[in-house]
């Protein structure tokens, strides 16, 4: 054994690659797998076109196949048949991945340059649904033909070129025409699509989102009450396109940047991986680290752009998580936990805040309040509950609100919390106030009650012909004690605050009733749950000699 053989270093990569290659490849595979599974499981809930979903799924699959075979078999030179198979798979998957990126660029360009349909009132869609087989024939068939011709010409074109080659790939001369030439053409055509899309977006700044054409029947159903509940001259709620008509949540500019950056990351990762297994002992470590950095960047970019930056994907992810148990369950009037959790229901995205029943009076009995059908009494946070309304009867206590016009629609929830020391008063102009009838609810035996389950605060705000009742609970400094018969205490009062800039938009029919709580300057609470002393003297509404409560402009009385 001569000195040269003793001092010579083993040829790289040897039996194993640098550890950073395996670690970073595993991270990228996890990111691609998460994106792939998300778009497979929740394909009906994610707003993306059919072409975009297929191109993304195929890109994730072929990119994962490319780097998995690279990390696991690029240095298996001791097994000739396995080495040839690794070279064939790398050849096919690399060209297929680049072609799927090119198909993505082509689809973006077609969407940007697509003209608006001439007729929207026909039952047939203006653009027929085209099959996706052509994309699979191009992105999967072309690489298959190239690999088949190369292998049929000479199977030894794959594998190790000679004994000194330490990686499984292709011979140099066949690779020029079978791989590097087609890869360069694909990259050039893809860049031309990118440039054309960029020019079109600069010339037409208004083309920002990919919209989905809706049939006439769906457009009529999307209009509130078939187009009858909209006031004439009412401006649209917002200028941006609605979520129901978006074909893709990302804009064209975001899709263009993502496709271009994906092509750059994939090309750079592949190049650094090839240099990591073909260079000397020191450069292999440098290029292995560069390969790992770009590999992780590619996986994280795909996961962040296509999943983490999309609201619909986040909704799908949260829907898969088990719901948390309420740490503070709602209690009824007797202190028992309520079995019904439907009171914590909140309106979903795009749903009107109201009930689909004809306009009519709404009533709430004490029995329903005690059973938990009327309000939510969560001691932690206020909640907004939906209550079913029934026709008004003459022998039951109720809260009757009669309006002359239609309610204005407000898609946002009202703020429920108000200050204790500054209770809101009626500030609506008398000329704008419709006629309201407020009746103090009574118990089942006819005696008035002061519990907050008897007369919950409510807020009415919804489209025409609908009512929305939201209970807004606050910390009550008074104990929940039923008022005995013959007591001279008065039940709690409610007020209607107004918010600047909202009264004109909501219309005269808007009424928001909140519980009025005050400090106790005249003494502590009595046994009936109300403060002692002459606290009622400072209230805007007093009582007459017969014990009736006068409620200001309503002039309705309830005899105790």
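Cβ from N, Cα, C; glycine included.
Swiss-Prot lists region 'Disordered' at one of the ranges 144-176, 177-209, 210-242, 243-275, namely 210-242. Between 75, 556, Swiss-Prot assigns N-linked glycosylation site to 75; no such entry appears for the others, which is not proof they lack it.
Swiss-Prot assigns residue 17 and residue 112 to topological domains with different names, so the membrane separates them in that record. Matching 285-305, 306-326 against Swiss-Prot, the residues noted as transmembrane segment span 285-305. Your range for transmembrane segment, going by Swiss-Prot and the list 114-134, 135-155, is 135-155. The region 'Disordered' annotation in Swiss-Prot falls on one of the ranges 402-437, 438-473, namely 438-473. Under 8 Å from some Cβ of the transmembrane segment (20-40) lie the Cβ atoms of residues 46, 48, 53, 56-57, 60-61, 63-64, 67-68, 70-71, 273, 276, 288-289, 291-293, 295-296, 298-300, 302-303, 306-307, 313, 316-317, all in the same chain and six or more residues away from its ends.
Model confidence over the topological domain 'Cytoplasmic' (106-134) stands at 70, taken as the mean pLDDT rounded to a whole number.
Sequence-distant contacts of the topological domain 'Extracellular' (75-84), counting only residues of its own chain at least 6 positions beyond either end whose CB sits under 8 Å from a CB of the stretch, comprise 13-17, 155, 158-160, 165-168, 277. For residue 75 (N-linked glycosylation site), the Cβ neighbour count at a 10 Å cut-off comes to 21, with all displayed protein chains included. Packing against the transmembrane segment (54-74) from elsewhere in the chain are residues 13, 17, 21-22, 25, 28-29, 32-33, 35-36, 39-40, 48, 82-83, 85-86, 89-90, 93-94, 96-97, 100-101, 103-104, 107, 132, 135-136, 139, 167-169, 262, 266, 269-270, 273, 277, 295, 298, 302, 306: each is 6 or more residues past its ends and has a CB under 8 Å from a CB in it.
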